[in-house]
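This report refers to the structure that appears directly beneath it.
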Number of protein chains: 2
Amino acid sequence: MEGVDHLAHERNKAQFDVAVMKAVWAGSRDAYELFHRFSRLVANDPEMFIPAIKAQATEEQQKQWLPLANKMKIIGSYTQTELGHGSNVRGLETTATFDPKTDEFVLNSPTLTATKWWPGGLGKIATHALAHARLIIDDKDYGVHGFLVQLRSLDDHLTLPGITIGDIGMKYGSGAYNTMDNGSLIFDHVRIPRNQMLMRLSQVTREGKYVPSNVPRQLSYGTMVYVRQKIVFDASIALSRAVCISTRYSAVRRQFGSHNGSPETQVIDYKTQQARLFPLLASAYAIRFVSEWLNSFYKDLLQRLEAKDFSTLPEAHACTAGLKSITTSVAADGIEECRKLCGGHGYLTSSGLPELSAVYIPACTYEGDNVVMLLQVARYLMKTISQLKSGNKPVGTTAYLGRAEQLMQYHSDVLRAEDWLKPNVVVEAFEARAARMSMACAQNLSKFNNPEDGFQELSADLVEAATAHCQLIIVSKFIEKLQQDIPGKGVKEQLGVLRSIYALFLLHKHIGDFLSTDCITPKQGYLANEQLRSLYSQVRPNAIALVDAFNYTDHFLSSVLGRYDGNVYPKLYEEAWKDPLNDTSIPDGFHEYVQPMLKQPLHHGRL
Amino acid sequence: MEGVDHLAHERNKAQFDVAVMKAVWAGSRDAYELFHRFSRLVANDPEMFIPAIKAQATEEQQKQWLPLANKMKIIGSYTQTELGHGSNVRGLETTATFDPKTDEFVLNSPTLTATKWWPGGLGKIATHALAHARLIIDDKDYGVHGFLVQLRSLDDHLTLPGITIGDIGMKYGSGAYNTMDNGSLIFDHVRIPRNQMLMRLSQVTREGKYVPSNVPRQLSYGTMVYVRQKIVFDASIALSRAVCISTRYSAVRRQFGSHNGSPETQVIDYKTQQARLFPLLASAYAIRFVSEWLNSFYKDLLQRLEAKDFSTLPEAHACTAGLKSITTSVAADGIEECRKLCGGHGYLTSSGLPELSAVYIPACTYEGDNVVMLLQVARYLMKTISQLKSGNKPVGTTAYLGRAEQLMQYHSDVLRAEDWLKPNVVVEAFEARAARMSMACAQNLSKFNNPEDGFQELSADLVEAATAHCQLIIVSKFIEKLQQDIPGKGVKEQLGVLRSIYALFLLHKHIGDFLSTDCITPKQGYLANEQLRSLYSQVRPNAIALVDAFNYTDHFLSSVLGRYDGNVYPKLYEEAWKDPLNDTSIPDGFHEYVQPMLKQPLHHGRL
């Protein structure tokens, strides 16, 4: 069976130029060539040690430490999270107390919950930590700062006095993050020289005077924006990988529907399978394009920051927080859905999906819990709305709120199912929904005497409003992408179908929002659903080619079910026989435990 | 810290009699006592070998085989699923061909996809298989029947000639189903005596004549109904276990919200946490009560079947299929949500949640894929509706469809948020929604010339209609439960709060259904949401006691985060130190791989 392409009939159905789509997916022809050459991508855990030193250390400190770190003469771990404190950095308990007598800081973990917990590489490998601790001078607490602390001897790697380090134990999945060294760390009055505090943003003098630097604090946000936009990109990789596996296997797998000895129906031909799978295929493309936009937004931000222009920083912060939250949630849930769409075999490790899921799901929690992120977006939206009265014209992704009055009057004018294919019809409905949900929150908030009480009480509604806003961004960026010049036979048409699937699937999923804000009528919602069904039929013949366009090698996919050639069953069988359990016919422990039970009076070889 | 109850302040807040609630949860005082004594329950994989022999073997065959199986002189595996064939039993490829010359059946796997795949215990342990294969006599295919086939010698456990058995390889999770022996099996013309076909439902004579028995085929459905109602019960166990862990940890964990040195806010006090956690708490109770009802329905069915009364069988089949689907999906998603609600620490194996999730998720696939199950419910609903015209009055869980005309006129009369607390107000809204969704499907189906084409084209809508029907059942049974006499201070009140949370959460989640079918107005939806928020505040002080009522031991929960005494952090730290990685300070491989990299010119012990 080797060498046969079992999905050739599927590939022949494609109505577009796959080579061009590969370049579109990769972002550009150059990016495609690059990816094609180095086609081994792994879902990276965000590295932070070195970027953090760049952001927080003085130039002098950077000169001293970066060469050591870059040449791996020291191995650093970014050490922030504590056993009792995650998202809330201000709640950290570890202290760094200045001792003017010796010109040192004394690092200490005053409680068990102050134990550093989770940092990558910390438990067994790191020689140094960039430890975050509360700076204490003369009993005064100056808040959390960064300190470079040596943990282990560079001679024999043994831990230094006052340092207790260990691994935090087993995690989700059979491989996954278990190969990652997540560590714990307790300081018992560990002394470091004063110059090992990262002093770019504020300094402590020899006399113990705290001097905030004149470097704008905003600069440090650049790192966070960078990391989060990278996470959005990674979400498109992770989700598309699962979608590729699930789509190919859905074309291979047959179940039910045989008439008079004909083959059973391909699972991908079932409408229920399509209604779950194709929105995820469209979502993979949607996330890809919004991450492309976010990356260019980030590059623009960097240039502005260097020129001391902080005007786009709040929006960058809100966008990356919101898109980080939405895209990682969609990817995590989507991977699991793809696993389910593979039926029982999706549960096998050789399907690649259990590990993909186990490795991916922490993305919903790290670098900002997804709910906390959406609440930050909501704060930004509420602030934007409160400033409308004073004539502040919102720009960028919140520009539509400047048309809030007009959007409050909006009623969709959709009359026929096809009307839902018009990008402006879709965008207006999404804008009106997002604006009305935010405006309703703002109005309800105004009823509270204490705005913080209101924000807390209404937080579930605020999360929904923020979600609507972020979905609008993704829909809009998909539409903008298609306003670019995209060559290649059928490529733009296929992307248009995916764009509509993405938007109308969201509309169907959140139909309650659209109806309860009175943006559309039940009839219009019904027409959207009708259009969606027809779009599924349109995408069906192109499905395999659309996942081929991701250009993932079998090696990268690591999935028997997602094989390019669709030769699933023989390989599944082959994989099973690699299991060490199959090295012997009689399992370990059989003679000790099972045989005595069987060996009773009855002794013949056959029944 | 040992012996201190860190959640005592939470338990003191409870406004109801926990001891009585424990009995309510357990089903009765007796059941509670029993559970309390044997409080070690494990999530069982459904056993089927023996029940299947009981259902399908003749009395004579049962006399011969059951004693052997019961005394474990033989170990059987129920062997149905094939590599290429899961839910569709009729698609199985394995053949059993009658050879009149020797009076034997010849079992054979004609293709690789005919390989038996997944059966529990098959790979390494089983001595016999109850193999499902197509019965072939004189080249005529009589469909799938059961055959008892010996696989291994009872002397040395070696596989017999013509049999190839193995394990199917690694599965999801680090432990989970990996300790389960899921096997594969290929037959190469294996001969068994004719009397090893299970002949209760049909027989093959010495001459090769096929004789269907006069035992009603319906009897065999009893097993399926039994297994599925057991799965619904298990869903309540699995979900409540995760909810218990997550609720307790949410009361222990503190994050943000500190003012002037006060402790941070308990995570359980955040409305966003409540809006995700409390509906799951309510769902656990809801699933528990519907499983209680389903069990009594099953017992009634058994009595009827024995009396040859098959009248309730179709409804039993639809109910168990639908409730199996809904409850396992809610439980699987709910466990994962509980894991997320525990933040980063939920990702640690010691939280108990990764394994609980990995062990549980196959329930969405085995014993009937959840989407296929809902389509079966939809078929039953469409059939019920089509029979309305001929005056057939639907009974039981579909009785409301008999009032379809009236329900099509329904408009909710809710005026104030509190109106949503009235059970009849809720039930009517759920009935109207379910009836209208089913009626709309029936109407759309009637537009197709070929009903099967219509069923396939509209299957996504049909799944949604079936979901609405099943949710109505669960809501109704929760309400009926509370119409019983339930003593104990505050117990009924708390259950009433949970009932309303369950119903109004569903209403909020599926608000699109209610609005687009015009059952309620946006304003009424808004009032429901307002009421829901107030219910969350009511359940908050009782949350810990409500999970205490599950009466799970720490041993059963196997979760550091879900400890009864809330003493989470010291135990989390302790658990981590049990990791073998922490046996040595310097990790394996350090000297070989890491040190050479570090050992470059720079050689001093400190920076």
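The backbone N, Cα and C atoms fix where each Cβ goes, glycine too.
In TrEMBL, annotation is done automatically, which means it is predicted and not curated.
Feature list (source: TrEMBL):
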- B:Glu367: active site, proton acceptor (ACT_SITE)
- B:Thr81, B:Gly120: FAD binding site (BINDING)
- B:48-75: domain 'Acyl-coenzyme A oxidase N-terminal' (DOMAIN)
- B:221-382: domain 'Acyl-CoA oxidase C-alpha1' (DOMAIN)
- B:423-599: domain 'Acyl-CoA oxidase C-terminal' (DOMAIN)
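Sequence features, as recorded in TrEMBL, placed on the structure.
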residue	record	CB count, 10 Å
B:Thr81	FAD binding site	21
B:Gly120	FAD binding site	21
B:Glu367	active site, proton acceptor	21
Please spell out the DSSP helix, strand and coil residue counts for the domain 'Acyl-coenzyme A oxidase N-terminal' (B:48-75).
20 helix, 0 strand, 8 coil
Among the recorded positions (B:Thr81, B:Gly120, B:Glu367), which are close to chain A, meaning C-beta separation under 8 angstroms?
B:Thr81
Can you tell me how far the Cα of B:Gly120 (FAD binding site) sits from the Cα of B:Glu367 (active site, proton acceptor), in Å?
13
Could you measure between B:Thr81 (FAD binding site) and the residue listed as 'active site, proton acceptor' for me? Cα positions, answer in whole angstrom.
11
Determine the mean pLDDT over the domain 'Acyl-CoA oxidase C-terminal' (B:423-599), rounding to the nearest whole number.
92
Looking only at DSSP and grouping its letters into three states, which state does B:Glu367 (active site, proton acceptor) belong to?
coil
